[in-house]
Amino acid sequence: MMSSGRELNILMEGFSAFLVDLPSPSSISYMWNFGSLLAMCLGIQIVTGLFLALHYSAHVDLAFYSLVHLSRDVNYGWILHFFHANGGSLFFICLYLHVGRGLYYGSFKMFHVWGSGVVILLVVMLTAFLGYVLPWGQMSFWGATVITNLLSAVPYLGGMLVEWVWGGFSVGNPTLVRFFAFHFLFPFIVVALVVVHLLFLHETGSSMPLGLESDVLKIEFNPYFSLKDILGIFIVLWGLFFVVLIYPNILGDCDNFIMANPLVTPEHIQPEWYFLFAYAILRSIPNKLGGVIALVASIMILFVCGVFSGGVLNKSWSLGWRGLFWGLVVVFMLLTWIGARPVEEPYVLIGQVLTVVYFSMFFALWVINRASV
């Protein structure tokens with residue numbers, strides 16, 4: 001019997017098992033496209049980031065002007081710059097939608113898949129924060145100062161940790177150099193974590209809207225779902241091109257067009273938009289250590305979802321589950337809005353109320369899930 005080329009080659013055989021012959025539930029919808037979209041975003045960020053690194057100078061006197069030079073003097077440098085910046089925003093949009101889909105349809109029941117995914121989210125968030133500092137604009141500098149200073153809340157070791165991260169007694173050239181080094185390294189760590197995530201996923205199989213587990217209901221990934229993924233990639237790429245070419249700075253901060261000045265504090269210091277929900281939770285707690293704990297818990301609480309116990313059918317069939325999930329989405333969006341507001345009333349009070357509601361909703365989701373077993 002003749003064998004196909006991919007069956008004779010061990011590399012092609014592994015590739016085939018991942019993307020061609022993978023048994024996939026027949027009822028999955030376009031909400032399961034975000035894995036391929038995230039792979040596309042990661043590829044865009046690595047490629048554009050590599051070319052940006054060729055023109056970047058990790059020095060406090062040169063970093064800002066190296067980006068100005070890239071945008072003004074390098075052929076199509078501005079496209080690389082805006083693709084990388086807006087590609088990061090697209091990355092987080094797909095990440096949050098991917099996590100939301102998993103939460104809605106009960107993918108957290110696959111504990112190892114869910115846990116590895118949350119680790120990827122944490123590393124990507126850290127990578128994005130490091131990259132936000134590199135342009136060395138006003139918001140980059142002060143954002144780095146405020147966020148890294150949160151380490152001082154760690155009992156006994158806080159001051160030493162802050163100076164170790166800074167490489168001195170304030171954010172300066174050593175900070176910028178090490179942030180650039182780690183920002184270049186971490187995407188490749190993300191690639192390794194994605195491989196682990198896929199290995200766990202292919203061990204258990206993908207979830208499905210009905211929540212059923214049956215090999216009879218599965219079909220080959222290619223060509224049925226590969227074509228759906230390609231269509232989704234083309235649509236999202238069109239949206240990314242539209243933003244990059246028409247509104248390239250719509251998601252940026254105007255303060256970052258000013259070179260970092262340690263002597264002038266911006267009126268309102270804030271991170272990128274995709275961190276604003278966690279930033280709002282941080283500043284809603286009057287105590288510094290309590291705020292840091294709440295900030296970390298706002299992400300780490302996703303690990304708790306992995307211990308949710310489920311019944312046979314998916315929880316998306318439950319009216320209470322659906323209501324709480326969409327309520328959580330609204331709270332997430334409101335926290336993002338509050339994080340961009342100045343620290344004054346009534347925004348402080350609204351942020352505190354939303355913080356309590358945010359964590360309470362996760363507890364309510366756990367109660368509903370336990371009650372339905």
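From the backbone N, Cα and C atoms, a Cβ is placed for every residue, glycine too.
What TrEMBL records for 37-58 (among others) is transmembrane segment.
The transmembrane segment annotation in TrEMBL covers 78-99 (among others).
The annotation heme b b562 binding site is assigned in TrEMBL to H84, H183. In the three-state DSSP reading, H183 (heme b b562 binding site) counts as helix.
Cβ neighbour count for H98 (heme b b566 binding site): 21 (other Cβ atoms within 10 Å of its Cβ, all protein chains included). DSSP gives H98 (heme b b566 binding site) a helix state. If you look up TrEMBL, you'll see H98, H197 marked as heme b b566 binding site.
The annotation transmembrane segment is assigned in TrEMBL to 111-134 (among others). Only residues 6 or more beyond the boundaries of the transmembrane segment (111-134), in the same chain, are considered here, and those with a CB under 8 A from a CB of the stretch are 56, 58, 63, 88, 91-92, 95, 98-99, 102, 140-141, 143-144, 147, 175-176, 179-180, 182-183, 186-187, 189-190, 193-194, 196-197, 200-201, 203-204, 271-272, 274-275, 299-300, 302-303, 305-307.
For 140-167 (among others), the entry in TrEMBL reads transmembrane segment.
Residues or ranges marked as transmembrane segment by TrEMBL: 179-200 (among others).
Using a 10 Å radius centred on the Cβ of H202 (ubiquinone binding site) and all shown protein chains, the other Cβ atoms total 14. Under the heading ubiquinone binding site, TrEMBL lists H202.
Residues or ranges marked as domain 'Cytochrome b/b6 C-terminal region profile' in TrEMBL: 211-373.
According to TrEMBL, the transmembrane segment annotation covers 230-250 (among others).
Taken from TrEMBL, the feature transmembrane segment covers 292-313 (among others).
Per TrEMBL, transmembrane segment is recorded for 319-340 (among others).
Counting same-chain residues at least six beyond the ends of the transmembrane segment (347-368), those with a Cβ under 8 angstroms from any Cβ of the stretch are 280-281, 283-285, 294, 297-298, 301, 304-305, 308, 315, 318, 320-321, 324-325, 327-328, 331-332, 334-335, 338-339, 341. The transmembrane segment annotation in TrEMBL covers 347-368 (among others).
With a cut-off of 8 Å between Cβ atoms, the residues of this chain six or more beyond the transmembrane segment (179-200) that come close are 18, 39, 42, 45-46, 49, 53, 56, 58, 110, 112-113, 116-117, 119-120, 123-124, 126-127, 130-131, 133-134, 144. The binding-site residues shown are H84, H98, H183; of these, the one with its CA atom nearest the CA of H202 (ubiquinone binding site) is H98. Count of Cβ pairs under 8 Å against the transmembrane segment (230-250): among 37-58, 140-167, 319-340, the largest is for 37-58. All protein chains shown were included, and the count of other CB atoms within 10 Å of the CB of H183 (heme b b562 binding site) stands at 21.
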